[in-house]
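Database features, via TrEMBL:
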- Cys20: [2Fe-2S] cluster 1 binding site (BINDING)
- Cys60, Cys63, Cys95, Cys97: [2Fe-2S] cluster 2 binding site (BINDING)
- 172-357: domain 'FAD-binding PCMH-type' (DOMAIN)
- 200-207, 290-294, Asp303, Arg365: FAD binding site (BINDING)
- Gln699, Phe730, Arg842, Ala1009: Mo-molybdopterin binding site (BINDING)
- Phe844: substrate binding site (BINDING)
- Glu1191: active site, proton acceptor (ACT_SITE)
Amino acid sequence: MVSRYRPVTKTITHYAANACLLPICQLHGAAITTVEGIGSTKTRVHPVQERIAKAHGSQCGFCTPGMVMSMYALLRNTPQPSMDDIAEALAGNLCRCTGYRPIIDGCRTFCQEANCCQESGVTNCCINGENGNSDELFDKDQFQPLDPTQELIFPPELILTSQTPRPEPLTFQGERMTWVSPGSMDQLVQLRSRHPGAPLVMGNTNIGPDIKFKGIIHPLIISPTRVTELFETTQTPEGVWVGAGSSLSEVRTLLENLVPQYPPEKTELFRALIKQLGNLGSQQIRNVASLGGNIVSAYPNSDLNPVLAAGRCKLSVVSSGGKREVPLNQDFFVNFGKTILKPHEIVVSVFIPFTRKGEFVGAFRQAPRKESSFATVTTGMRVFFSEGSRVVQDISIYYGGMGPTTVSAVKTCWDDETLGRAYEVLLEELVLPPSAPGGKVEFRRSLTLSLLFKFNLEVLHKLRHMVRLWSAPEGSMEKKKIIISQTPLPQSVSQEQNSQDPVGRPIMHRSALSQATGEAVYCDDLPRTDGELFLALVTSSRAHAKIIQLDVSEALKVPGVVDVITAKDIPGRKVRTMCGYDEELLAGSEVSCIGQMVCGVVADTRAHAKRGAAAVKISYEDLPEPIFTIEEAIEKSSFFEPRRRIERGNVTEAFKSVDQIYEGEHRMGGQEHFYMETQSMLVVPVGEEREFNIYVSTQWPAATQEAVAQTLGIPSNRVTCHVKRMGGAFGGKVTKTSILASVTSVAVTNRPVRCILERGEDMLITGGRHPVVGKYKVGFMNDGRIIAADIQFYTNAGNTIDESVLVIEKILLHMDNAYNIPHLRGSGAACRTNLPSNTAFRGFGVPQSLMFVENMITDVSMVLGLPADKIREINMYRGPSVTHYKYQFNPENLLRCWDQCKAKSTFSSRRTAVDQFNQQNQWKKRGMSIIPIKYGIAFGEGFLNQAAALVHIYKDGSVLVTHGGTEMGQGIHTKVQQVASRELHIPTSKVYISETGTNTVPNTCPSAASFGTDANGMAVKNACQTLYQRLEPIRKKNPKGLWESWVTAAFFEKISLSATGFHRGPDLYMDWEAMEGQPYAYFTYGACFSEVELDCLSGDYRTLRTDIVVDIGRSVNPSVDIGQVEGAFMQGLGLYTLEELKFSPSGLLYTRGPSQYKIPAVCDVPLSFNVYLLPDSYNPHAIYSSKGIGEPVVFLGSSVFYAIKDAVAAARSQSGLAGPFPLDSPATADKACLASASHFTQKVRVVGRSFGPWAGLSVGGGGWIQGRVSG
């Protein structure tokens, strides 16, 4: 939080900001408060920290400090915030673990609105304890109260300093840059005149990312934050002049304060700007980004420029030549990032005029995500009618996102009768070539029409001639912003259970408070040691080429660079072998994808290492015919072997006896892990006998230990891996981390080496979830029974095999999902391409596999004209059942989940309500779906189903537990602590887990496959039972003694107080030749209902409600498990509706960071989000009758996809279109909009794929997929 004193108003302002965008130089005179400064577990925890932690809002914890500080800054300004305030404050923060609901629940306790829930249509209120039982997971009555009088005061010395003007410039000299902050307008004008090429930096939201990510260097930066004229506001009879240096948040507040002071007809433009400002970036960005900077940056998809231009705004600029006023119109924007302003001119203020009676202004935007997202298309529109008539005197329409600049539709007219002609003119005016940057050409062109139509309807509404077609009933998605969750306590512990026994209780994550206070230590938090070096990686810029020359001479000349590591420097094994294929640690003579690691530069600082890496020159000779898409791989038979096949029954014969056959295809894109903490490691030489300590963020310490040992050519006993915690992993920190750690270890001589990947590097190098193309042929009867199905799966594995064959196997093993299809055949192949290798990801192929099965079932329902839920019910497993790989199981709990989900969601009545809504609304449609899952738990490779533990009891009675599982936010340490507490009959406060280390528990297996607690919990249980039995003679001698006395007595009687534990898991296997086996220990079941509202004109949707019922046996920790369910669902929602990877035609990943790649945010959480754990469920195959839950629910996010598809089908039905239609995953706004087939999209539809050349590899293939039906 940044705090500043304003001498003019004598007030102190507080605002949250992104630390990565705040230059230290710019903070002169400001007070900075970080998460460590507001509270500590050693002194006093702040109420914000306490409530987020105890509401179970911290899992991996990496995002928690940002959540805390956003909320803290809000409370400093608004001690009693509304729910809208809270949602806005949290909007700029991302979390990949929790699903946001518990964070919101914790923050909601500060809300004092008596009607905070009713605003979203919920009858009862959470503040009064009437909204479900969500507060039962935590006791809000135990929270300490918020006392604003106890907050940190603003430093008095800064007030004194600010009251004494210092007009002299402030100058900060860096290694390659000089930062100058002028103290007056005259100084600023002189500086700008002498250095016209030097950028002016106010919020650093433009220049900062350019420096950080593009390596752009500015020898001089001018920061005019102390020039008071840039922040002045002046009201005139015609409008208001706003200082160009004003932050966007300040502009918004100013306009909100002005609106009530004037008649509505004068504030049309003000209200349009307020609306647009509410969606521009995040609050943290708006707090620092300036109005003038936003304008002169002249981004083509600017949110504000089209509105300002349409509203007849103008700029006041100054230079050494004097002052002038410049209108914001079509002539102002010259080219990408260029305006007509001269290099030495400075924007001083912006004039925003009042509107006139009969004048209407509209602002619209469409973006990949509703908040904190660059717009796809924006528009500002103004129309002026003659008083008392419908005659148009003036019209002004501007668009962003339709060319290299903000563009004006000067020829487009306005008239109710000629609106159809206006669309034609608009299409002729705004032309985008098929290769336009950003792609989505058809969608963007259709948006120009639909947004004009929206403005027309808005104006008609204001003229009191609103057409009914657009009116939405109360409770539509515009009115619903507040997230309401009902998460009742899913199970009650037995009354006979000891009150000290924590198993089955909602225990807070054991590190939550440390994470909320910033005390939790992640890999890069480890302090720098003397002589420590940093490693920066150099990656290939070609997808398929020979390396002709690797020139590192210039890199070695960079100050601070110590060495450059290449493949020749690796003393041991230069490859890692997976499934019979070798993967080079560093490319030697040839590269096979953009992003493949070629060498590493070692330097004394991160900055020097990055500069050195940029100086490395690599000469290539391109090799012919690189392969990028699955289609290309199939055509050229480019596969990793073995390919897999499985069949039950006789599919070919069965097709002869069915009523109908349908053939279809589906494409599903990949997904980036986007763990909050990127790949991180620190390799420290011990100093003797070639011993190393590795501090690393990995799910599999033993694999990293083995890989480093083999790379260095030393025994594994010389390498110790330490894992304290990870800031998320999701499968992405298994194989890739071991390779990165191996490369880092090669750079170590006698000095430690640290390697922390930037987000863009991480996304480029490490790969993600496998994209899949599937083809299916399904035979069914007219009553909906599916008799036979043949499905072919092709994954885009990338340039190395990694775990791709294992992913294919799991895809095939889950292809039945919940359905008993008598004749079922599947085949799978991992395609070898020249894209970065994909790897394990939460669900490990299951989210892809089941997507195709459910799409097939949805198509069957559309062919037959029957409800999809009925087709699902007809084909579900019932009674004692056998899978297609001959594994016997009982589906009773699957059916119970399904029935309870229907009941909890009031499925039938909601179906009726949705159908009624769709009849009443033309441009908005609602859709709903209910989806089941049957998910196999444990590793199919039997040897991985083992775990070990080491438990020490110290003389004071404290217990130290070490086990083979790693903590990545899933709460394994918390659950293990509960296990030890129960087995040793002691409070959890006496049990401590420090880290996972290969020196305490060797030969660990990966924390994956939702099997971590199953295996490691049993190992800890085994060790604790051994220790407790050893203490039995002592207990018998002194049955009324305390735990501490027993331990002391045992020590004096020479009884060992240390024990190892081991769990030998099930011997699972799969025989692919015989096509049978037992690859899983048991199944986790679930069902999920979702309802959405879709804006057919823009493709935007909102999830109105989600109900999840999941069978996880007897939960060890309900709060942790519910958090896993919600987090997995939100990750699945992102996979199926939002997250889209895009590659260039040459194989370069375009989406390398949060600005291009959008994961779900607070705005994407279902408005009503309800999770229920199936009662009365038991599982004899896991600890305390629990079940693994980390992965299964990811697929249930597809319920939102199929709800969108249901809404699209309703829109198509309105246009006379029926039957199956293609909708590939993810169902992003552009796909949903185009699939809805409104007359706007049909006007711009062209033959073929207009957006292919720009991003043709987004889902591993392209083109509309047509199905065919016969019968």
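Easy rule for this one: first residue shown is 1, then count along the chain.
Glycine is treated like the rest: Cβ placed from N, Cα and C.
Keep in mind it's a predicted model, so treat the numbers as computed, not measured.
In the structure as shown, the Cβ atom of Asn294 (FAD binding site) sits within 10 Å of 28 other Cβ atoms. Each residue contributes its Cα atom, and for Cys63 ([2Fe-2S] cluster 2 binding site) and Glu1191 (active site, proton acceptor) these two points are 21 Å apart. Proximity of Leu200 (FAD binding site) to non-local residues of its own chain (separation of 6 or more, Cβ distance below 8 Å) is seen for Arg192, Ile222, Ser223, Pro224, Gly293, Ile346, given in sequence order. Between the CA atoms of Arg365 (FAD binding site) and Cys97 ([2Fe-2S] cluster 2 binding site) there is a gap of 29 Å, rounded to the nearest whole number. Residue density at Cys97 ([2Fe-2S] cluster 2 binding site): 29 other Cβ atoms are found within 10 A of its Cβ, drawing on all protein chains shown. Those residues of the chain, other than Cys60, Cys63, Cys95, Cys97, with a C-beta within 8 angstroms of the mean position of the [2Fe-2S] cluster 2 site C-beta atoms are Ser58, Gln59, Gly61, Phe62, Thr64, Arg96, Thr98, Met676, Gly727, Gly728, Gly969, Gly1127.
Cys97 ([2Fe-2S] cluster 2 binding site) has Phe730 nearby among the recorded positions Phe730, Ala1009, Glu1191, counting only those with a Cα within 10 angstroms of its own Cα.
Asn206 (FAD binding site) sits 24 Å from Cys95 ([2Fe-2S] cluster 2 binding site), taking the C-alpha atoms as the reference points. Sequence-distant contacts of Cys95 ([2Fe-2S] cluster 2 binding site), defined by Cβ-Cβ distance under 8 angstroms and a gap of at least six in the same chain, are Cys63, Met67, Ile103, Met676. Arg842 (Mo-molybdopterin binding site) is surrounded by 25 other CB atoms, counting those within 10 A of its CB over all protein chains shown. Listed in sequence order, Met726, Ala729, Gly731, Lys733, Val734, Thr737, Thr966, Met968, Pro1006, Ser1007, Ala1008 are the same-chain residues six or more apart from Gln699 (Mo-molybdopterin binding site) with CB atoms under 8 A from its CB. Among the record's Mo-molybdopterin binders, Gln699, Phe730, Arg842, Ala1009, no two C-alpha atoms are more than 12 Å apart, and one pair sits at exactly that spread. Excluding Gln699, Phe730, Arg842, Ala1009, which define the Mo-molybdopterin site, the same chain contributes Ala729, Gly731, Gly732, Val734, Ala840, Phe841, Phe844, Met968, Pro1006, Ser1007, Ala1008, Gly1190, Glu1191 within 8 Å (Cβ to the Cβ centroid), listed in sequence order. The recorded positions shown are Cys20, Cys60, Phe844, Ala1009, Glu1191; of these, the one with its CA atom nearest the CA of Asn294 (FAD binding site) is Cys20. Put simply, of the binding-site residues Cys20, Cys60, Phe730, Arg842, the one whose Cα is nearest the Cα of Asn204 (FAD binding site) is Cys20.
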